[in-house]
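Have a look at the structure below before the remarks.
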Amino acid sequence: MAAEGEVIACHTVEDWTEKLKAANESKKLIVIDFTATWCPPCRFIAPVFADLAKKHLDVVFFKVDVDELNTVAEEFKVQAMPTFIFMKEGEIKETVVGAAKEEIIANLEKHKTVVAAA
């Protein structure tokens, strides 16, 4: 896996499968940015996403190019870019469509820590 504080870019389905499995086993929150090189909002949010990865070392950040890994995008039912999927231990917790910085940050904080039921 990439060093802490970095966004992990996967370029093959095999690489994606291997890295996602390792991330799921870590039990950390996973945030996946489904992006495209031709998408202006994707380019706008990319530095914000990279900055969040640097600030939240207890979260695993992935970047998936929908044109490179279209089967992965289809698996997650991505319809528009950017789409951010928040997952924990293989379960999708939240989906954010669009370059909505505040919504991404709010979901990051919401799902990062799970409070044990009393």
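Note that Cβ sites are derived from N, Cα and C of the backbone, with glycine treated the same way.
Among the features that Swiss-Prot reports, active site, nucleophile is placed at CYS39 (among others), with the record citing sequence analysis. According to DSSP, CYS39 (active site, nucleophile) is assigned to coil rather than to any helix or strand.
Here Swiss-Prot flags CYS42 (among others) as active site, nucleophile.
Residues or ranges marked as disulfide bond by Swiss-Prot on the basis of sequence analysis: CYS39-CYS42. Within the same chain, residues at least six positions away from CYS42 (active site, nucleophile) with a Cβ under 8 Å of its Cβ are ASP33, THR35, ALA36, MET81, PRO82, ALA99.
Secondary structure of the domain 'Thioredoxin' (2-113) per DSSP (helix as H, G, I; strand as E, B; remaining residues coil): 47 helix, 31 strand, 34 coil. According to Swiss-Prot, the feature domain 'Thioredoxin' maps to 2-113, an assignment based on sequence analysis.
What Swiss-Prot records for ALA2 is N-acetylalanine.
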Relative to the Cβ position of CYS39 (active site, nucleophile), how many further Cβ atoms are located within 10 Å? 19
Whole-number mean pLDDT, the domain 'Thioredoxin' (2-113), equals 95
